[in-house]
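See structure below.
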Amino acid sequence: MSVSNPPSSGKPLKLRVNKDSEGYLSLVTESGEVYKCPICGNDKFVYNYERGEAVCIVCGAVVQEQLLDLGPEWRAFTSEEKGQRARTGAPLTRLISEALTTVIDWRDKDVSGKELDIKRKLEVIRLRKWQTRARVQTSYERNFIQAAQELERLRSAMGIPRPCIEQALEIYRQALEKELVRGRSVEAMAAAALYMACRMMKMPRPLDELVRYTKASRREVARCYRLLLRELNVKVPISDPILYISRIAEQLKLSGEVVKTAIDILQKAKKAGITAGKDPAGLAAAAVYIASLMHGDNRTQKDFAVAAGVTEVTVRNRYKELAKALNIKVPVK
């Protein structure tokens, strides 16, 4: 049975998309009827990915707008080939591997927040004990779990994207396998791995900002970072100061015009060769500071220093260098 939806109908049909072996679409209504083109009666369509439209292959009529193709982009002709190309299934992440199971909460309360009675409380204590025994077996697993929990805490506190945490866990795993963690604190190694991961993913964070959220000192984290660089033979790209601009502007609620001007300033500074050997966060803070002054936003250098995680002196020095080299006439407020 088939149905066609005339162009003049008031309420559009909700259509389900099927894709055949040739790559053509067939549209099926909620009642299971095959949808046909209202112009020529054809039942095969192609999908316009740029516009999200289903187009008839015979007459070219757009039969459905804002259509979401939820199927795979690949084609398979056998069930074996389909299984090989499928990418669905449970997400495999570093955060749920290596015995990283759930934890029974230490607060003896039920789902509504009420205290458990004494009998139930003793039962939960016993279950928690066995959960801990069954969850972790080796020192390797215990160490890795501590690092994963520390990285998850840093992610929550600093708002770091999850891909950076995944990369940091991979770096920490390599350090564990090479026994680089022995004799060093988990907090320092985890922070160093996260600092490296953020730079590798081109989402850098200043080291001073990272240190504010961890128990380890700046010296410990820097030492562990140099150790990871040396022993893991990891190529970390040089941080581009432009990557810091959006975060600084977001924290200070600056306009898009200020961001664009700051990017232009740093691009000119790169061409002039005055960015080499300078702290990228300090350069970004100075560029955003200059751009904000040019657009009439007279905030203090301290505001930009705090947002970038650098000192006020650094912002002032980088400001003077940029203003002099690029001949920018903006007075210091």
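Cβ from N, Cα, C; glycine included.
Taking a C-beta cut-off of under 8 Å and a sequence gap of six or more, Cys56 (Zn(2+) binding site) has these contacts in its own chain: Cys37, Ile39, Cys40, Asn42, Lys44, Phe45, Val62, Val63. The Zn(2+) binding site annotation in Swiss-Prot covers Cys37, Cys40, Cys56, Cys59.
Annotation comment: Swiss-Prot describes 149-232 as repeat '1'.
Sequence annotations record features per position, and here Swiss-Prot assigns repeat '2' to 243-324.
Per-residue pLDDT, averaged across the zinc finger (33-64), gives 78. Annotation source Swiss-Prot lists zinc finger at 33-64, citing sequence analysis.
Each residue in Pro38, Ile39, Gly41, Asn42, Ile57, Val58, Gly60, Ala61, Val63 lies on the same chain as Cys37, Cys40, Cys56, Cys59 and has a C-beta within 8 Å of the C-beta centroid of that Zn(2+) site, without being one of the site residues. Applying DSSP to the zinc finger (33-64) sorts its residues as follows: 0 helix, 14 strand, 18 coil.
Other C-beta atoms found within 10 angstroms of the C-beta of Cys37 (Zn(2+) binding site) number 22, with every protein chain shown included. Using a 10 Å radius centred on the Cβ of Cys40 (Zn(2+) binding site) and all shown protein chains, the other Cβ atoms total 13.
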